[in-house]
Amino acid sequence: MNGTEGPNFYIPMSNKTGVVRSPFEYPQYYLAEPWQYSILCAYMFLLILLGFPINFMTLYVTIQHKKLRTPLNYILLNLAFANHFMVLCGFTVTMYSSMNGYFILGATGCYVEGFFATLGGEIALWSLVVLAIERYVVVCKPMSNFRFSENHAVMGVAFTWIMALSCAVPPLLGWSRYIPEGMQCSCGVDYYTLKPEVNNESFVIYMFVVHFTIPLIIIFFCYGRLVCTVKEAAAQQQESATTQKAEKEVTRMVIIMVVFFLICWVPYASVAFFIFSNQGSEFGPIFMTVPAFFAKSSSIYNPVIYIMLNKQFRNCMITTLCCGKNPFGEDDASSAATSKTEASSVSSSQVSPA
């Protein structure tokens, strides 16, 4: 083995030289230079600085404006809550640990941070799955004129929590475990060891199949069918400027969704799977740290892509920030008129991303 395994940690460095120390008790500056930990700390501070207000404003504006409390926006609200959850319960701990060069909260704190980070990330991921399914059902109409109601939204939110808990809770109960990863400043599921005492191998396989591969397949299938359906509708209505506009908007949104999904999650999952599949292989702490922090940045990408590009929400947010008046003149009446003007067989409410 090219690493050093302890009771609650795995350091990606052999202890032949005797320099390896517990990541819960000593700075890990033998893994990376102090300035690298400073960069990590600054990066986490930036994510908090951007992620907290964006997600907080999403929650606040939705509560303030009744017209935003639609069934579909329940899922978007759940997504913002999950991101906010990650920022408060995960990013702050990682930043504090990076300042000290090791996971200063101890093994118990590692389990708590690992649980909350995993829970928030999984809620966000499964919220994207529910959004993809909703868009597919409404636009592609596999079930005729299906209407996404409040009950469906509540069930969708409940589903995201059930799936997230089914991933985050098992390590707390003895199926796998949470340990410090990368530069030892944040915690996640143990991909590094087989650890037969906690059946680690079976849990990692379960996690990759159920909580990564399946969501990825669902998202690609739903948005792939969505693009095809909108293109077919546009081809049948060449004279409809509204349909052409809808096609471009949906295509753009789908490309952004897929690209940022891949940027956020595929590097992390790929590196984790490589480490798990090559037990004992030599790799540095940076190898796992970089993709892990790409995944963390999803807390910023998600609200920007799924909510900030929504015209109605954007107008409501501007109104809230400007003390009840939109300086750009976008009021409810003009929004309503626009909605009526844009009505067609493939309406903007059916094909818009939110």
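Including glycine, each Cβ sits where the backbone N, Cα and C put it.
Keep in mind that what you see is a predicted model, and the values were worked out from it rather than measured.
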Selected from C110, C140, C264: Swiss-Prot disulphide partner of C187: C110
K66 / T319 share membrane side in Swiss-Prot: yes
Site from N15, N200 that Swiss-Prot describes as N-linked glycosylation site, others unannotated there: N15
Lowest local Cβ density among C110, C322, C323, which the record lists as recorded positions, within 10 Å: C323
Candidate recorded positions K296, C322, C323, pick with smallest Cα gap to C110 (disulfide bond): K296
Distance check against N15 (N-linked glycosylation site) for the recorded positions N2, C187, C322, C323, keeping those with Cα within 10 Å: N2
Which of C187, K296, the listed recorded positions, has fewest other Cβ atoms within 10 Å: K296
